[in-house]
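Only one structure is covered here, and it is reproduced in the block below.
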Amino acid sequence: MTDVPRMVTPERRSDDVGDTVLRPQRLAEFVGQAQARANLQIFIDAARKRKEALDHVLFVGPPGLGKTTLAQIVARELGVGFRATSGPVIAKAGDLAALLTNLEERDVLFIDEIHRLSPAVEEVLYPAMEDFQLDLIIGEGPAARSVKIELSKFTLVGATTRAGLLTNPLRDRFGIPVRLNFYTVDELEKIVSRGARVLDVGMTADGANEIARRARGTPRIAGRLLRRVRDFASAADAASINRKIADHALGALEVDAAGLDAMDRRYLTTIALNYGGGPVGVETMAAALSEPRDAIEDIIEPFLIQCGYLQRTPRGRLLTSHAFRHLGLTEPSRDPSQFGLFGGEDE
């Protein structure tokens, strides 16, 4: 069941508090996202030279890629204050007003999950971002009056995993959109090696590579796996983490060589054995796995699609040859029309 915490989930878990010590503090320490990093450095340097607030920044990308870390680094590089909140926490316009009126000149306000702001809060945010003013309605009925409050010039840094849910007026007010992509194994190796140094644990190159290969392109997962592998190394009184120790630890955690866990393999195996590799509708899979549809679509499937194990077709979910090879199963012969664009809607 997906309510059991998964070792390889990119979402933040309660036990991830330990990863704060692994976060880079400066852009120079940040590994990966080379183009985004280079552009941010230029924008930050320019704003600092002009002694102006940085234009509003929007970070877009899957969970665990460093959106929050980059927001903190932006404030640190600018030498200004940093306030953090999230879309669901700002329930009403007054909550947003309280945050904005307490900002100093050029401060950074970070709103995670900004796509989850309510329409009423968004309406208040528009003039704040554009004109650095708050337009509030005080009172009700005939006694209601409009109040305009001047704000310090600030930088709003928004983060979202679902850019498509942002309204156009909100999206258009961000002068610096930054898309974050999954990390390469080489980049994750550097992140794991740096994390090992921070945690004061020995790490061989092949040990770092083994953890990086199973981290699903996501630094948050790499840090989580590193902390758990360190536990296995400590229990075995090992002087450092090598490939053998990492392989044993990750095997015990049921994270295989491709970064798939027990839930991923159960999903793929169900389609392979029960439905001949597909196509099979998502509602059928939800019933077969006793999982809600949104958990399958948002939690299980994205990585499988990204790695080429799964296709979403109009007729349903379909396993690829790559998936059968990974499972060690023989791929059945299938009608080529199953891969077509027509022939029925997916459930």
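Numbering starts at 1 and runs along the chain as it is shown here.
Cβ atoms are placed via backbone N, Cα and C, with glycine included.
Owing to the predicted nature of the structure, the values given are computational and were not obtained by experimental measurement.
The ATP binding site feature in Swiss-Prot is assigned to Leu22, Arg23, Gly64, Lys67, Thr68, Thr69, Glu130, Asp131, Phe132, Arg173, Tyr183, Arg220. The Mg(2+) binding site annotation in Swiss-Prot covers Thr68. Annotated DNA binding site per Swiss-Prot: Arg293, Arg312, Arg317, in sequence order, evidence recorded as sequence analysis. Annotation comment: Swiss-Prot describes 1-183 as region 'Large ATPase domain (RuvB-L)', evidence class sequence analysis. Among the features that Swiss-Prot reports, region 'Small ATPAse domain (RuvB-S)' is placed at 184-254. Summarising the annotation, Swiss-Prot assigns region 'Head domain (RuvB-H)' to 257-347 and lists sequence analysis as the type of evidence.
Features per Swiss-Prot, on structure.
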residue	record	Cβ within 10 Å
Leu22	ATP binding site	23
Gly64	ATP binding site	27
Thr68	ATP binding site	20
Glu130	ATP binding site	12
Phe132	ATP binding site	16
Tyr183	ATP binding site	24
Arg293	DNA binding site	14
Arg312	DNA binding site	14
Arg317	DNA binding site	26
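Checked against Tyr183 (ATP binding site), the binding-site residues Arg293, Arg312, Arg317 differ in C-alpha distance, with Arg312 being the nearest.
Reported as a whole number, the C-alpha separation between Gly64 (ATP binding site) and Arg293 (DNA binding site) equals 22 Å. Residues Arg293, Arg312, Arg317 are listed as the DNA binders, and the farthest two of them sit 14 Å apart at their Cα atoms. Maximum intra-site Cα distance, ATP binding residues Leu22, Arg23, Gly64, Lys67, Thr68, Thr69, Glu130, Asp131, Phe132, Arg173, Tyr183, Arg220: 37 Å.
Of the candidate binding-site residues, Arg293, Arg312, Arg317, the one lying closest to Thr68 (ATP binding site) when CA atoms are compared is Arg293. Checked against Arg312 (DNA binding site), the binding-site residues Leu22, Glu130, Phe132 differ in C-alpha distance, with Leu22 being the nearest. DSSP assigns Gly64 (ATP binding site) to coil in the three-state reduction, outside any helix or strand.
Following the DSSP three-state reduction, the secondary structure of Phe132 (ATP binding site) is coil. Taken residue by residue with DSSP, Arg312 (DNA binding site) is part of a strand. Checked against Arg317 (DNA binding site), the binding-site residues Leu22, Glu130, Phe132 differ in C-alpha distance, with Leu22 being the nearest. Here the Cα atom of Arg293 (DNA binding site) is found 34 Å from that of Leu22 (ATP binding site). The average pLDDT for the region 'Small ATPAse domain (RuvB-S)' (184-254) in the predicted structure is 93.
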